Amino acid sequence: MIQITLHNGSIFEYSHPVTVSHLAHMISKDLFKKALGAIILSNKNYPLVDVNYLIKEDINIKIVTAEDPEGLDIIRHSTAHLLAYAVKSLFDDIKIAIGPTTKDGFFYDFSYKRSFTPDDLILIENKMKELAKKNEPIIKKELSREDAINLFESLNETYKVSLIVNIPNNEKITIYQEGDFIDLCKGPHVPSTGFLKVFKLTKISGAYWQGNSKNEMLQRIYGTAWNSIEDQNNYIHMLEEAEKRDHRKIGKELDLFHFQEEAPGLIFWHEKGWVIWQQIELYMRGIYKNNDYKEVKSPQIIDISLWKKTGHWDNYRENIFTTESENRIYGIKPMNCPGHIQIFKSKLHSYRELPIRYGEFGQCHRNESSGSLHGIMRVRGFTQDDGHIFCTPDQIQEECIKFTLLLQKVYRDFGFTDILYRVATRPKKKIGTDAIWDLSEKALVDSLKKSNCNFEIMPEDGAFYGPKIEYTLKDAIGRFWQCGTLQVDFSMPSLLGAEYIDKHDQRINPVIIHRAILGSFERFIGMLIEHYVGAMPTWLAPIQVVICCISDIYSEYVEKLNHLFLKENFRSITDLRSEKINKKIREHSLQKIPYILIIGEKEMNTDTVSVRGLKNLNLGSMSIEAFIKILKEDINSKRCIL
């Protein structure tokens, strides 16, 4: 007998193999109609299979529908194939490359003789709807390597042939067919095209084949697919909001930074953008100082012998920029941890000194593929608020609690209170004893409990050298940004010979806790720009107040005010141009300056200022002292307005 155990504990027994579809039918007719696939819970990899999967042995299983995240992923994967099917139906001599799912949808890459246009997207989407209505079955077939190569060569699909050649010999090769469209794919997919009801194509972009700039530039069509029209409309609205908030567009409008071809993935910070940077660095330096971190600085360029010891050279070489001098090869550091270990090793420490906390604004470089670069969010040169805590195993929990509380304070000061917490536990391949993993995982979990944090467990998602906590922010339009990390590391201290003297006078490797709050400054600033639509909180704003005169006869009073504000360390400027005051107000409002002061005869004669805030908020007339008090309170409280 074959025993099938459902995720809710129900058990079904069969004397013969059955499909997931048959099992769903036995449970209920409604589930049979909705079933898209299943998760095999008894396999530690939790593979996702389609409804035609044949169950031949005892199994734990969960049947998924469009209401499950896994079911939605199946819909999106199948819609990517539907997109390729439609494109192949409409355009001759087109070649298909890859079409995976993304966080919110899917894309497919194509090679074609001309560029796709927005009108093409409308045509393709209509064709997709037509094909979906046909409700054609989507059929899976397994092929030998030779047959698969012959098939795709006959279809002149050279990209698919290239993919097949690189599939490991021990892996099965499967294709899916709907109508006369055939694609190389592991699956799973929906049973038929009729399941694909809610989708929309969103944009076209370029993408290099396999993300390598040396390869051909392909055309990528993006789309999204959902379980309901309401969900899709909400997503489209979010996309429209995201477009308004695009940090690349706002960065240009506010004169914060720019990029140019001579330095791909590297940022030219303009004065106003650099002010934001400096304010964040100043704030984080205070965080280091007030929480017993020793601020350090490690070299940018280190001999590759060190990167070989850490394993980065073997596993990460293609991402490390190198340079050569006097017959020695150096790696430009992609991360800061090896440098901090060298600082720790520079003298022998006693257990009484632990924990030792190092912090650095570490400038790193990684040779990211050009196709993955995205404004200041994904760059090749970046700075991390990187810290490493050297401690004993029994200090892990206390350090995790302290770090989580510190991180919450920092995020709150930047205007974020909605945080997701995830704990990644031991993978199958790991170093260290089960005892040290038990202790570390318990320390991370207990630290979140004691910090009153709700959290998720991500089974087997930790690094081979230790478990971690991921801290993810939710922004003003509901997007999630994973910024903070706390990673326990049992491996690198022994690899690089970091030791301390324990209470028995034995040399012991410490545990290292890698931790970051902001992640990279560049990405965090990009996130802040989008969260606040460029209107930074006053304490971060490049210009905090602009003083505008109605006529140049009041310029002396304006200059007097500006001098006073500068003495108070406010970031203040004047606008003495012979322009109409409404034009000045409009221009400075578009520049997202928190406070605009309007000076005329009344203000000059009464030693007052007329104040406008963000979003054209008229705060009226007030004394200079009253305005200074408001501005100071705004800055000191780190008040955030969305």
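Placement of Cβ uses the backbone N, Cα and C atoms for every residue, glycine included.
Quantities reported herein were computed from a predicted structural model and do not represent experimental measurements.
The Zn(2+) binding site annotation in TrEMBL covers Cys337, His388, His514. A C-beta separation below 8 Å, combined with a sequence spacing of at least six in one chain, links Cys337 (Zn(2+) binding site) to Thr310, Asp386, His388, Asp489, Met492, Ile512, His514.
TrEMBL lists 1-65 with the feature domain 'TGS'.
Positions annotated as domain 'Aminoacyl-transfer RNA synthetases class-II family profile' by TrEMBL: 246-537.
Marked as region 'Catalytic' by TrEMBL: 246-537.
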Average pLDDT across the region 'Catalytic' (246-537)?
92
Tally of residues which DSSP labels helix, strand or coil - the domain 'TGS' (1-65)
14 helix, 26 strand, 25 coil
His388 (Zn(2+) binding site): tally of other CB atoms within 10 A of its CB:
26
